[in-house]
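What follows is a single structure, written as structure tokens, with notes after it.
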Amino acid sequence: MAAGQRKRGRAGSAAPQAGFYKQWLQRAWQDRCLLLREPRYTLQVASCLCLAEVGITFWVIHRVAYTEIDWKAYMAQVEGVINGTYDYTQLQGDTGPLVYPAGFVYIFMGLYYATGRGTDIRMAQNIFAVLYLATLLLVFLIYHQTCKVPPFVFFFMCLTSYRVHSIFVLRLFNDPVAMALLFLSINLFLAQRWGWGCCFFSLAVSVKMNVLLFAPGLLFLLLTKFGFHSALPKLGICAGLQVVLGLPFLLENPIGYLSRSFDLGRQFLFRWTVNWRFLPEALFLHRAFHLALLAAHLTLLLLFALCRWHRMGESILSLLKDPSKRKVPPRPLTPNQIVSTLFTSNFIGICFSRSLHYQFYVWYFHTLPYLLWATPAGWLTHLLRLLVLGLIELSWNTYPATSCSSAALHACHAIILLQLWLGPQPFPKSGRQGRKAH
């Protein structure tokens with residue numbers, strides 16, 4: 001009988017222990033789901049992903065063969081400047097003339113010396129690996145402040161894009177340098193350091209001109225926050241830095257420098273296009289097609305400025321006034337208003353680009369999670385958003401591009417644009433409407 005009591009005692013004590021472990025497992029599973037779904041855990045997930053990316057990036061460097069495309073041309077162009085040639089029309093590389101602004105020259109001049117006159121490719125890859133990790137950190141800081149994107153999306157942003165890893169550490173393009181500076185400037189805007197933000201924004205433009213796609217959104221934000229007169233010093237920073245950086249080349253041949261480094265009419269080769277492969281080559285090269293894309297680009301920017309970014313209830317011309325003199329009391333710009341305006345401005349430009357080459361993917365890759373998840377849309381579930389991300393990635397990894405891959409890319413862009421247009425406005429309505437609602 002005593003033995004029976006001992007058996008019942010052991011069974012009775014085992015039951016609470018089993019219940020405790022079951023509850024602990026359930027709680028751990030729920031916390032894991034929260035960790036992946038709640039944006040407030042962005043930094044925790046980001047820290048794990050950055051550590052994983054250290055291993056992945058350096059594994060790619062040591063295991064995947066480097067492909068020479070533009071690096072030698074960059075070094076040859078920089079070497080021409082080092083040798084005393086300041087006439088942009090005389091600076092050439094293996095792949096053609098120098099077509100980037102002066103900031104590119106100075107940054108890649110530093111890389112020229114750091115890599116033994118451009119010969120130490122492994123050192124260059126390691127530098128670009130650090131640049132990639134720094135870019136990820138800057139992007140995660142932006143997402144942490146907006147608190148809109150569920151952290152599970154960052155796994156797809158970090159670990160699944162072969163093309164982006166390739167652009168950074170296997171091709172050594174200048175696009176990642178420009179985008180890293182751009183994301184740094186956005187972090188400064190979020191910290192309300194508008195002067196420094198404009199400085200680094202201009203520095204990003206001086207590396208590659210694609211950063212100007214963010215400029216309409218930045219202009220709107222500056223006018224919204226400061227009004228016309230107070231925004232002029234910030235715009236002066238952007239313009240002044242371009243003059244200072246380009247001064248040695250402007251003094252030598254101003255027309256040559258401006259026509260080469262800021263050539264808005266440069267013709268692209270049809271064989272490299274990712275987004276217009278389904279068009280006949282003659283139409284792709286036709287000036288009327290380019291003008292139509294420019295008109296569509298400007299029209300959509302104007303529509304978003306009037307109907308999506310601007311506060312309802314007051315004329316858009318009120319942005320020119322000092323904020324204290326407007327009918328609607330000024331409100332501080334929120335992180336989501338800043339990021340949404342800048343990312344949307346850039347994305348509209350991407351949608352209507354005359355051509356997108358494979359390295360241009362980094363122009364908007366890290367903004368896609370925000371564009372897809374920041375705007376609530378009941379018809380676009382998590383699964384469909386991931387499908388859009390996957391199709392975009394597949395389109396950019398299809399080489400050479402096909403009619404189907406280009407069409408799929410445009411379809412995905414159209415879905416994102418539709419969601420941005422139909423979603424809630426990032427800017428609040430006017431105070432009068434808000435009081436009525438209250």
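Keep in mind that glycine also has a Cβ here, set from the backbone N, Cα and C atoms.
Please treat TrEMBL annotations as automatic predictions, because they have not gone through curation.
Per TrEMBL, the features are as follows:
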- 41-61: transmembrane segment (TRANSMEM)
- 98-115: transmembrane segment (TRANSMEM)
- 127-146: transmembrane segment (TRANSMEM)
- 177-194: transmembrane segment (TRANSMEM)
- 200-223: transmembrane segment (TRANSMEM)
- 288-307: transmembrane segment (TRANSMEM)
- 360-379: transmembrane segment (TRANSMEM)
Chain residues outside the transmembrane segment (98-115) and at least six past its termini with a C-beta under 8 angstroms from it: 74-75, 77-82, 88, 91-92, 121, 123-124, 127, 174, 177, 203-209, 242, 245-246, 248-249, 257, 260-263, 266
Closest-packing stretch to the transmembrane segment (360-379), where packing means Cβ pairs under 8 Å, from 41-61, 127-146, 177-194, 288-307: 127-146
Residues from the same chain, set at least six apart from the ends of the transmembrane segment (177-194), whose C-beta lies under 8 A from its own: 104, 107, 131, 134-135, 138-139, 141-142, 145, 200-201, 203-205, 207-208, 210-211, 214, 221-222, 225-226, 234, 335, 338-339, 342, 362-363, 366
Residues from the same chain, set at least six apart from the ends of the transmembrane segment (200-223), whose C-beta lies under 8 A from its own: 100-104, 107, 174-175, 177-179, 181-182, 184-185, 188-189, 194, 231, 234-235, 237-239, 241-242, 245-246, 261-262, 301, 305, 309, 319-320, 333, 337-338, 341-346, 348-350, 360, 363
